[in-house]
Amino acid sequence: MDTSSKENIQLFCKSSMQPVGQSSFKTEYSSSKEKQRCCGKLKVFLGALSFVYFAKALAEGYLKSTITQIERRFDIPSSLVGVIDGSFEIGNLLVITFVSYFGAKLHRPKIIGTGCLIMGVGTLLIAMPQFFMQQYRYEKYSPFSNSTLSLSPCLLESDSQLPLSIIEKSQSKRTDDHVTITPKDPQWVGAWWLGYLIAGIVSLLAALPFWCLPKSLPRPRSREDSNSSSEKFKFIMDDHTDYQTPLGEKSKIMEMARDFLPSLKNLFGNPLYLLYLCASTVQFNSLFGMVTYKPKYIEQQYGQSSSKANFVIGLINIPAVAFGIFSGGIVMKKFRISVYGAAKLYLGSSVLGYLLFLSLFALGCENSDVAGLTVSYQGTKPVSYHERALFSDCNSRCKCSETKWDPVCGENGITYASACLAGCQTSTRSGKTLIFYNCTCVGIAASKSGNSSGMVGRCQKDNGCPKMFLYFLVISVITSYTLSLGGIPGYILLLRCIKPQFKSFALGIYTLAIRVLAGIPAPVYFGILIDTSCLKWGFKRCGRRGSCRLYDSNAFRHIYLGLTVMLGTVSIFLSIAVLFTLKKNCVSKHRSFRTKTEGTMVSTRIRKENCTTSDHLLQPNYWPGKETQL
């Protein structure tokens with residue numbers, strides 16, 4: 001079917017065929033005016049499409065930056081957060097294949113505009129739980145100046161008869177006081193919903209221009225009469241036979257549907273396309289998982305705040321990726337690299353990128369000293385991580401909750417799960433700073449000074465951790481640039497390994513595979529494996545397990561980096577298979593071309609000899625050597 005050979009890129013590059021016998025005496029002014037009108041609308045389309053990509057990147061990127069905030073706000077584990085992140089791609093599954101196949105034959109500007117409207121509404125809906133669910137409550141001890149009841153952090157056995165209603169009343173009061181934590185606190189949750197409102201409005205605005213654009217634009221006659229035979233020109237334009245169809249003729253949906261399965265079979269019958277599809281899918285599994293949990297990794301591994309983690313990613317990593325993609329395109333254009341060269345550049349960038357990624361294993365920080373979880377109450381390394389280790393002789397007389405997580409940093413540099421578990425007896429507040437005194441557990445592991453006080457919040461990592469974080473950022477930027485350098489060569493390889501009439505459909509299947517097999521499952525199983533490194537779980541008011549409060553830094557690092565490198569290695573081997581398949585195809589085509597050329601030369605020579613013999617027989621005055629003399 002002729003209509004199946006159209007490509008997505010042809011949207012505004014169709015030429016309107018003139019009726020037979022149309023006068024060819026158009027003035028130079030009208031031709032110039034037509035060209036300006038066409039180019040003007042083409043620029044509008046390109047600008048609008050660029051804005052759509054910006055809106056989509058804004059929504060998707062912001063979702064990944066709020067992963068830890070959503071986890072804390074709704075008290076859910078990383079595995080469930082991975083499902084939320086993967087669900088961003090689920091909407092594509094319903095329409096992407098059919099849009100890529102049928103959309104090439106329908107009014108694509110309106111299809112793009114409809115997609116933007118749906119994306120905008122969906123982005124706005126993500127923020128709605130903030131306004132319909134109860135207010136965020138965090139676990140925090142604080143003395144109550146408005147109450148005649150003064151509670152010690154450590155509820156002693158003698159106070160165990162204290163009415164529970166009084167305690168619950170005092171705890172509920174602190175959620176209706178002013179905010180007593182700072183953004184550096186591990187329980188801090190910012191206005192995570194605000195970005196979704198902005199991204200949703202931007203997506204809705206991005207839809208507007210597409211409702212004002214025509215289905216196609218006429219090609220300027222200066223381009224139509226050009227004898228250019230460049231690959232770009234051939235890639236954009238269609239066969240002229242297709243333009244002679246009546247302007248009001250509608251696409252035959254049923255006829256196109258019958259060609260769907262044969263087209264799909266033809267596409268998957270291409271081994272080069274299939275191998276590249278597998279290699280890209282595995283690589284995107286590693287990239288999606290790595291990017292989704294990178295802010296969380298920076299927070300847990302290097303003790304950085306959520307805002308700083310997202311800030312440095314947006315400041316240095318994203319520009320590095322953009323510059324890498326741009327550099328790959330410049331290299332392809334400047335050196336006019338062939339398909340085989342593009343495959344080698346794609347493979348080389350992957351190999352070098354994942355080799356650099358391996359160095360991150362050596363740039364980790366040790367676990368924070370947390371009493372009962374990573375160290376004993378005496379300051380020595382424990383042999384097990386069972387929950388009863390949170391209790392010790394120093395806090396045995398206190399009525400403490402083993403599920404509560406309100407960390408206190410002791411003067412000895414050890415973090416305690418709560419002021420009660422630190423055995424603290426009294427406290428004072430200065431603004432938002434809360435200091436505890438007479439902490440029995442801090443005293444037994446204190447330095448020579450014997451100070452037994454503590455302050456709200458976790459203790460900072462060791463002194464070498466900030467330096468490790470700086471090295472991590474440098475290697476991360478170089479790795480991001482190197483991996484993205486192969487983006488354009490890989491895309492060119494994808495386009496050139498398939499027949500022109502299947503380009504639009506192939507791109508749709510490629511995008512579908514990336515969404516289904518990488519975008520959705522990768523954040524889920526990355527989150528499940530990361531949850532296995534949790535040392536301290538939080539619990540909801542209903543008693544169900546909530547989000548993780550403390551991770552084992554070493555286990556987190558090995559799971560996060562190891563899974564990324566393992567998937568990257570598999571993709572490298574598949575890319576090598578792509579390279580060998582491409583080389584084999586090139587060699588076989590060269591041999592067949594050479595054989596065909598030699599056959600043509602032989603047949604031509606035989607015909608010439610036969611013609612020469614006939615001429616000799618027809619010439620009465622022929623003698624040997626006549627041609628030489630002439």
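Easy rule for this one: first residue shown is 1, then count along the chain.
Each Cβ is built from the backbone N, Cα and C atoms, and glycine gets one as well.
Taken from TrEMBL, the feature domain 'Kazal-like' applies to 388-443. What TrEMBL records for 42-59, 79-104, 111-132, 193-213, 272-291, 311-331, 343-363, 468-495, 507-530, 559-582 is transmembrane segment.
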Checklist line | Stretch with greatest number of CB pairs under 8 Å, the transmembrane segment (468-495) reference, 42-59, 272-291, 559-582 candidates | finding: 272-291
Next item on the list: Rank 42-59, 193-213, 343-363, 507-530 by Cβ pairs under 8 Å to the transmembrane segment (559-582) and hand me the top one.
Entry: 343-363
Next item on the list: Determine which recorded stretch among 111-132, 193-213, 272-291, 311-331, 343-363 has the most C-beta pairs below 8 angstroms with the transmembrane segment (507-530).
Entry: 272-291
Item checked: Best-contacting stretch, by C-beta pairs under 8 Å, relative to the transmembrane segment (111-132) and drawn from 42-59, 193-213, 343-363 -> 193-213
Note to self: I'm checking region-level scores; what's the whole-number mean pLDDT for the domain 'Kazal-like' (388-443)?
What the structure shows: 83
Margin query: As a quick check of your reading of DSSP, tell me how many residues in the domain 'Kazal-like' (388-443) are helical, how many are strand and how many are coil.
Written below: 10 helix, 16 strand, 30 coil
